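What follows is a short report on a single structure.
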Amino acid sequence: MFDYSIFSKELENLKEQGLYTYIKTLESPQGAWLTINGKKVLNLCSNNYLGFANEERLKKAAIEAIEKWGVGPGAVRTIAGTFSLHNELEKTLAEFKKVEATIFLQSGFVANQAVIPAITNEEDAILSDELNHASIIDGVRLSKAKRYVWKHRDVKDLEEKLKEAKDARRKLIITDGVFSMDGDLAPLPEIVELAEKYNAMVMVDDAHGEGVLGSHGRGIVDHFGLHGRVDIEIGTLSKAFGVLGGYVAGKKELIDYLKQKARPFLFSSPLSPADTAAALEATKILQESDDRVKRLWDNAKYFKEEMKKLGFDTGESETPITPVMLYDAKLSTNFSKELFEEGIFAQSIGYPTVPKGKARIRVMISAVHTKEDLDFALEKFEKVGKKLGVI
């Protein structure tokens, strides 16, 4: 019989290093406040940027979709699993993103694994920022293309790698739009310039930019005014959109090609009618108004400024993502536990999600937080920070 004790030993090692992830179970919907183990806590760690996860319009749309379409698609999309509702979501997303077409998949993670191996192979070169998301890294591995990893946000190093890859059949530059652990932005205008100079494609994973950056939350491409110059945009429907799923946005030819070649599209069922309808409603709300996006930024600005006044190191974030840098993994884990006791749910982030020695509490601000919520958080951060000798 297989000896499972090897896993037990590995788990003990993780605990000793302060790297073991303790999973808390929610007993309430997503929102500014959560109930966990019967305790009401302020939520500072979800990706529910705009509060859509428990938005009445989205819930109503999901319920109506279940009544009309049922609970599941029943097949993959190429056989009998494409509803007109699915097509409507893709059309509306394309209008929102100002692209020719989109294709949605089961998650943002899956979207990266769908597109990268579909458009590259061993004859090609992929140039990837060293801090790109795990889903990009896995997608690159699946493609079998030659990989060139460039220093984080360093366009000079990217150019050197492009020169090294000059003989590749096809060159694909991939970057996160917003880097989820630090909140910094990709230098997308400079990347696009290099891509045009060296005849490369540009792909940006905008999971943390959608609903956050650009007009009405259209994302980093809109933020920099680069419509038509970025070949592939990867989006998620599970963060600012508050639902589930991911999608690829770009030229019609690309999207049509993916519908023939992307394995997760061909061999896995699509989103349920409820998820599809809710995501569609979220897109419509963003098209109508950017009030929530503005509230998100106002909240983030206030919280960051006050945290810096208290003496916390909040890194170099350019977005509502606020890393509270503690560096030591055990300190970060203890800080998170102390915050929870004080009524704040803010998770510690350590290796392998971030490099060793870069542990932090990643604070995720939402449009649904009130000033009173933020002041409560600041009070508790100050208390715990002083108790643990951080400030």
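Including glycine, each Cβ sits where the backbone N, Cα and C put it.
Since this is a predicted model, take the numbers as computed values, not measurements.
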Given Swiss-Prot lists Gly108, Phe109, His208, Thr236 for pyridoxal 5'-phosphate, the same-site residue among Ser84, Ser128, Ser180: Ser180
Nearest of the binding-site residues (Phe109, Ser180, His208) to Thr353 (substrate binding site) - Cα to Cα: Ser180
Pyridoxal 5'-phosphate site shell beyond Gly108, Phe109, Ser180, His208, Thr236, criterion: Cβ within 8 Å of Cβ centroid: Asn47, His133, Ser135, Asp205, Ala207, Ile234, Ser238, Lys239, Gly246
The one of Ser180, Thr353 whose CB sees the fewest other CB atoms within 10 Å, among these binding-site residues: Thr353
Distance check against Lys239 (N6-(pyridoxal phosphate)lysine) for the binding-site residues Phe109, His133, Ser180, His208, keeping those with Cα within 10 Å: His208
